[in-house]
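Trainee: To start, I am sharing the structure in question, which I have written as structure tokens.
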Amino acid sequence: MTTSESSSTSSVKIYFRLLSYVRPHVGIFLLSIIGFVIFASTQPMLAGILKYFVDGLTNPEAVLFPNVPYLRELQLLQAVPLLIVLIAAWQGLGSFLGNYFLAKVSLGLVHDLRVELFNKLLVLPNRYFDTTNSGHLISRITFNVTMVTGAATDAIKVVIREGLTVVFLFIYLLMMNWKLTLVMLAILPLIAVMVGSASKKFRKQSKKIQVAMGDVTHVASETIQGYRVVRSFGGESYEQNRFAQASDSNTRKQLRMTKTGAIYTPMLQLVIYSAMAVLMFLVLFLRGDATAGDLVAYITAAGLLPKPIRQLSEVSSTIQKGVAGAESIFEQLDVEEEVDTGTIERDRVTGHLEVKNLSFFYPQTERQVLNDISFSAAPGQMIALVGRSGSGKSTLANLIPRFYGHEMGNILLDGVEINDYRLRNLRKHIAQVNQNVTLFNDTIANNIAYGDLAGAPRADIEAAAADAYAKEFIDQLPQGFDTQVGENGVLLSGGQRQRLAIARALLKNAPLLILDEATSALDTESERHIQAALDHVMKGRTTLVIAHRLSTIEKADMILVMDAGQIVERGTHTELLAQNGYYARLHAMGLDEPSPVGAV
């Protein structure tokens, strides 16, 4: 099979998969088809009525239906105007049914695709987000889905309505003069070749447009999210140029596709009207005993063909845009979800954590991030991880809730390998607070009682906020716990946002607590309050702390000093200071990043 044949087969498969999304709306879709059948049937009727109109010019008193009871007295003078009104009403009914119900199908399909895409995002593995541009992800949900909808509904509308129009007109023409009509059919192979050639170009250009649109979304998203950095470092000109380049690239690709259509459509029209010219010559040359009305009706019906044929040829552009968009959408929908082969579920674990000979490589890289890590933590113990950036602390913390899967070594929770737990059940037992706090554009109460915590009693929410020393600033807000925090908590200070994240973790009341630089954004007074709250909440819970501040880790039952993915020292704060090694140097520098072990 050649590359072009393979690509054509792939396009057909993608398109039929796309059409499968119409299935839930098949009842409404059938109503729209009925409407388009009604609409298409009126086209030969309009041509036919002209026959009687022209014949009526010479004999207006002739009857229209001489052999039909009750209508045999109806003269052309009366019948032609009446039939025109009836045909127009019939056409209007078909147009309404077709357009309205197809619009319902279209909007339903947009909704279904967007929801499925978004739901898929929620179950994709972390590595997918690490390697995929966020702007492209957003563009698929917004821009690509719209293009796909055009292929699945608007294109079908044209194919059905204009296709049936062509069929009905050809049937009418064959009934009037089949020999002349066969002459017209001779141009169809040429039209098919032209449509096929244009389709390949449209699909290729559509893919490029989608990538360019994703780049536009990505640049805009990055700039909006990082607007403080942009302004602080005078990056306005740089971002303006970057966005202008992305937008210009998208514009040029759009123009290239428009140019293809602008060249292709007139060429197709030239072919069709050339065939019409030949047909008119033959009609005049071979008129035989046909009446003037017959000739006018035939020419009119033939003259109605170019418009639907042209629209059918142009629908290729819409379909290829949709196929290109659907390809990227289905690629995302087909990505393997987070691996969850576990079968064990427990209502509550004690929090006994044990790591044995754990090594880890990030997917698709050769760089070893963790090397033969082993330690254990009993319930109620606090384990602190310290070391310079890139030493593997956060990676280790991300492996415990299975944000990434490990293959070398073991991580045991209550003596059970974490891969043997059902993923949702495992994460139910873990509360995590990161340095980069995520808050949603909702109320303070809803941000604390988020996800599985939604519906928690207000008293529990307020108690968690009080334990995190967040209630003191919440009570000062105009609407208290019902205050909107803005996008990602933009209306709150860094310390306030961090305290809300800690309150969320406290409300979860999980037996395993992971604090990844959780107090780094707090001022000294807030940190003192939080430390007191954490001392209370860590009782009976296993706590894994990653921190740069001495006050956060001095009380740890065990400190693991990490460098280059290995544990280079372990012990209590006092024991490690006595060793006068790597940790002692960290301590002397206030837990800033020293040079690596072995450096002079």
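Each Cβ is built from the backbone N, Cα and C atoms, and glycine gets one as well.
A quick note: this is a predicted structure, and the numbers were derived from the prediction, not measured.
Quick paste of what Swiss-Prot says about this protein:
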- GLY387, ARG388, SER389, GLY390, SER391, GLY392, LYS393, SER394: ATP binding site (BINDING)
- 30-321: domain 'ABC transmembrane type-1' (DOMAIN)
- 353-589: domain 'ABC transporter' (DOMAIN)
- 26-46: transmembrane segment (TRANSMEM)
- 82-102: transmembrane segment (TRANSMEM)
- 167-187: transmembrane segment (TRANSMEM)
- 266-286: transmembrane segment (TRANSMEM)
Trainee: Counting Cβ atoms within 10 Å across all protein chains shown, which of the binding-site residues GLY387, GLY390, GLY392 comes out on top?
Mentor: GLY387
Trainee: Establish whether the number of Cβ pairs under 8 Å between the transmembrane segment (26-46) and the transmembrane segment (167-187) reaches at least three, counting only pairs separated by 6 or more residues.
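Mentor: In this chain the transmembrane segment (26-46) contacts the transmembrane segment (167-187) - 3 or more Cβ pairs sit under 8 Å.
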Trainee: Near the ATP site, what residues other than GLY387, ARG388, SER389, GLY390, SER391, GLY392, LYS393, SER394 in the same chain have a C-beta no further than 8 Å from the centroid of the listed C-beta atoms?
Mentor: MET562, ASP563
Trainee: Let me know the most crowded of the binding-site residues, choosing from SER389, SER391, SER394 and counting other Cβ atoms within 10 Å.
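Mentor: The residue with the most neighbouring Cβ atoms within 10 Å is SER391.
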Trainee: Minimum Cβ neighbour count within 10 Å among the binding-site residues ARG388, LYS393: which residue?
Mentor: ARG388
Trainee: Summarise the model's confidence over the domain 'ABC transporter' (353-589) as a mean pLDDT value.
Mentor: 85
